[in-house]
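Everything below concerns the one structure shown next.
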Amino acid sequence: MSADKQKLTIRLCGPRGFCAGVDRAIQIVVLALKKYGPPVYVRHEIVHNRYVVEGLQQRGAIFIEDLDEIPEEHRERPVVFSAHGVPKSVPADAQARNLFYLDATCPLVSKVHKQAMRHQRLGRHVLLIGHAGHPEVIGTMGQLPHGAVTLIETVEDALHFPPPAGVELGYVSQTTLSLEDTAEIISALERRFDNIHAPAAESICYATTNRQNAVKAAAPGSDLFLVVGAPNSSNSRRLVEVAERAGARRALLVQRASEIPWEEIADLSVLGLSAGASAPEIIVDEIIAAFADSYDVSVELAITAEEPENFPVMRALRDVELTKADMAFVNGVG
C-alpha cells in the first residue's frame with residue numbers, strides 16, 4: 001500500500017462480461033479456423049467487441065456484411081453467422097450460392113425467433129420490442145413475412161401505433177433491452193390491448209437480467225461507474241443507463257483503459273465497474289491495473305447471481321481440440 005495514493009474502492013460487478021451465447025459464438029469461429037484453416041468468413045461482427053474481432057482477424061477470420069463480399073475463389077470456405085442472428089433470407093442465400101455456413105446465433109435469440117413464428121402461426125400480428133437497425137432486431141423481423149411484424153421502440157410507439165384490423169396481437173422483445181424500459185412498454189401494450197399475447201417465455205435473456213441487477217447493486221454511491229463495452233453493443237449501453245438510474249454520479253462506456261478520461265475524473269473514492277456480455281475479462285483487468293497506477297485500490301465484489309449456463313457448439317465442430325491459449329481467448333482472459 002502506498003501512503004501518497006488516494007484510496008479507491010472498486011465495486012466489481014458479478015456477473016459481468018462474456019455470457020454463454022457470446023462464448024459459444026467466439027468458440028465456433030476459433031474451432032472453424034482450427035478445423036478448416038483460414039480464411040473463415042464471418043457475416044457481421046461475431047459479437048460487438050473490437051478486441052474480440054481483431055483477435056479473430058489475427059487468427060484468419062475475415063469479417064463481411066454481405067455474402068457478395070466472399071470472392072469467387074473462396075466460395076468453398078466456411079462462413080459463420082454472428083451471435084445476433086440473421087433473417088431467413090441469409091441462410092437461403094448461402095444455400096443458393098452453395099456456401100458452407102455455420103450458424104452462431106445465440107440459442108436465446110433463436111428462442112425469440114421461435115416465439116415470433118409461433119405468434120404468427122397462430123394468426124397473430126407480431127409486435128417486436130427493440131431498437132431499429134440492431135442486427136438482432138433485423139434478424140428477428142426477418143423470420144416473418146414482410147408486414148407481419150411491427151417494431152415498438154418506445155412507450156409512445158406502444159400507445160399510438162395503428163394495429164391491423166381484426167387480428168390478435170402477440171409481442172416478443174430483443175434480448176438485450178433494459179428491464180425497466182421493456183416493462184413500461186409491455187405495461188402500455190397490455191393497458192391498450194386487453195387480449196395481447198405474451199411470449200411463452202421471457203424474451204430478455206438471463207445474462208442481460210443478471211448484469212443489470214449486479215449494476216443496480218453496485219452503482220448507488222459510486223462517484224463513477226465504468227462499463228466495458230463497444231458503442232454498438234446494445235446490452236453494454238443499457239448497463240450505462242442502469243448505472244445512472246441506480247444512483248451512480250456518472251456512468252461511462254469505454255472499450256479500453258486508454259479511453260478513460262482521466263482529466264475529468266479526479267478525486268474518486270468509489271468506482272463501479274462492469275462489462276457488457278461481449279466484453280472480455282482481460283480488459284476489465286486492464287482497467288483495474290490502470291486505476292491501480294494512480295490510486296491505492298481495493299476491490300469489492302458485488303455478486304448478485306451465478307451463471308452455470310453453457311451452450312454447446314454444433315456437432316460438426318465437436319471433434320476439434322483447442323489449446324490452452326485458444327481457450328484463454330475464447331473465455332476472454334487471453
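Each residue, glycine too, has its Cβ placed from N, Cα and C.
The [4Fe-4S] cluster site recorded in Swiss-Prot includes Cys106, Cys205, and the single candidate from Cys13, Cys19 that the record places there is Cys19.
Just one of His84, His197 is listed by Swiss-Prot for the same isopentenyl diphosphate site as His48, His134, Ser233, Ser234, Asn235, Ser278, and that one is His84. You'll find the Cα of Ser278 ((2E)-4-hydroxy-3-methylbut-2-enyl diphosphate binding site) roughly 14 Å from the Cα of Glu136 (active site, proton donor).
For the binding-site residues Thr175, Ser233, the ranking by surrounding Cβ atoms (within 10 Å, all protein chains) places Thr175 first. Long-range Cβ neighbours of Cys205 ([4Fe-4S] cluster binding site) (same chain, at least 6 residues apart, Cβ-Cβ under 8 Å): Cys19, Gly21, Cys106, Leu108, Thr175, Thr176. The most densely surrounded of the binding-site residues Ser234, Asn235, Ser278, judged by C-beta neighbours within 10 angstroms, is Ser278. For the recorded [4Fe-4S] cluster site, residues Cys19, Cys106, Cys205 set the reference point as the centre of their Cβ atoms, and the other residues of that chain within 8 Å of it by Cβ are Ala20, Gly21, Val22, Ala83, Pro107, Leu108, Val109, Thr175, Tyr206, Ala207, Thr208, Ala277.
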